[in-house]
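Participant: Below you'll find the structure I mean.
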Amino acid sequence: MIRLIPRIISFDPRPIFGCLACKRNLSTTQNDDLFDSNILPRRAILYVPGNDQRKIDKALGTFKQIDSIVLDCEDGVAANNKNKARETIKKVMDQTSNADDRSKLWSKLSVRINSIQSNLACDDLRQILSASCVPRTILLPKVDSIEHIEKYFRSSIEANNKLIDKESDQIDLITYVESAIGLLDLRTICQFTMEQCQQNGFRFAGIIFGSDDFCADIGATRTDNGDEVLLARQQVVLIAKSFNLQAIDSVYINFKDLDGLKRQSENGSMMGFTGKQCIHPGQIPIIQEAFRPSAKKVQWATGLIEAFERAQKSGQGAFVYEGQMIDMPLLRQAYNILNLNQQIVQNE
């Protein structure tokens, strides 16, 4: 496969394009990272039970082949093993400080804590944030209200007040939508989470759609084709992208059906999802390929940005590329493709 490593252009086109075509102000209360080249790729996120050292070691041994490894304290861990999971994860994070590929490994390590309403999240945070190397990303499940976000930040600050306003220790936060009320209130929750992250030294990075809990909540039956969650998936993408967040698609539960996984992954990518959850290592290559920009897309984006540079040098505003009048949304799409491709190449 052709893997182009593009030159990322640092010029910011926003002042020139302003509101071209879409007639809206791009400087909103949402994330202002429209051309952020530091966003971590999260095409496949693999869940590993936090109490199972053998599975963790196996996942860490192949971390270069996956974008994100989630050390799980929640659904993947039985109630009587929660404390063991916390202790094991802390030990793994402590060891990460001395790893040969520390920076690259650290960027791929996430921890899914228990939900706020379980009353276990505070204990998770207290143990995990006391590690010598805190996780790059924390995943917060079953977020149904802004009260859950409030309690999360209160707990995280109590666990480690050094996180506040400390740019070097900035942690990405990804939240889950897993219920009808969580989906209906998702925009309000995202707005509040964004504000809290900015105030407390976190970075709001994405939303994960938890289809199994969602179906249980609304009384739907899970199917391989996913018709029962189509509307919910579309809403998750729509709201995530309105805040410039990553949107992570649901698990394909029939892990032996690789053809079905491929179809659903490609469908999710076309819908606008940026990645997908996985529960088995065999799912990783298919998912990551589905969410990787194709060589054709990279070539298109590279050519468009080069044409944009030429237009700027000649004093043009809007310009035509490959028969299309280029406006702000297309230029943003081109930058996003190149930035994602660059991050993928750098992390391999």
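From the backbone N, Cα and C atoms, a Cβ is placed for every residue, glycine too.
Sharing the record's features from TrEMBL:
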- Arg112, Glu178: substrate binding site (BINDING)
- Glu178, Asp213: Mg(2+) binding site (BINDING)
- 43-281: domain 'HpcH/HpaI aldolase/citrate lyase' (DOMAIN)
Participant: I'd like to know which of these binding-site residues, Glu178, Asp213, is least surrounded, judged by other CB atoms within 10 A.
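Facilitator: Counting other Cβ atoms within 10 Å of each of the binding-site residues Glu178, Asp213 gives the minimum at Asp213.
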Participant: Excluding near sequence neighbours, so keeping only residues 6 or more apart in the same chain, what lies with its CB under 8 A of Arg112 (substrate binding site)?
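Facilitator: Expected: Tyr47, Val70, Leu71, Asp72, Cys73, Glu74, Ile138, Leu139, Pro141.
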Participant: Pop the Cα-Cα gap between Asp213 (Mg(2+) binding site) and Glu178 (substrate binding site) into the table, whole Å please.
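Facilitator: The Cα atom of Glu178 (substrate binding site) is 5 Å away from the Cα atom of Asp213 (Mg(2+) binding site).
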Participant: Within the domain 'HpcH/HpaI aldolase/citrate lyase' (43-281), what mean pLDDT does the predicted structure show?
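Facilitator: Residues in the domain 'HpcH/HpaI aldolase/citrate lyase' (43-281) carry a mean pLDDT of 92 in this prediction.
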Participant: Could you find out if DSSP has Arg112 (substrate binding site) as helix, strand or coil?
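Facilitator: In three-state terms, Arg112 (substrate binding site) counts as strand.
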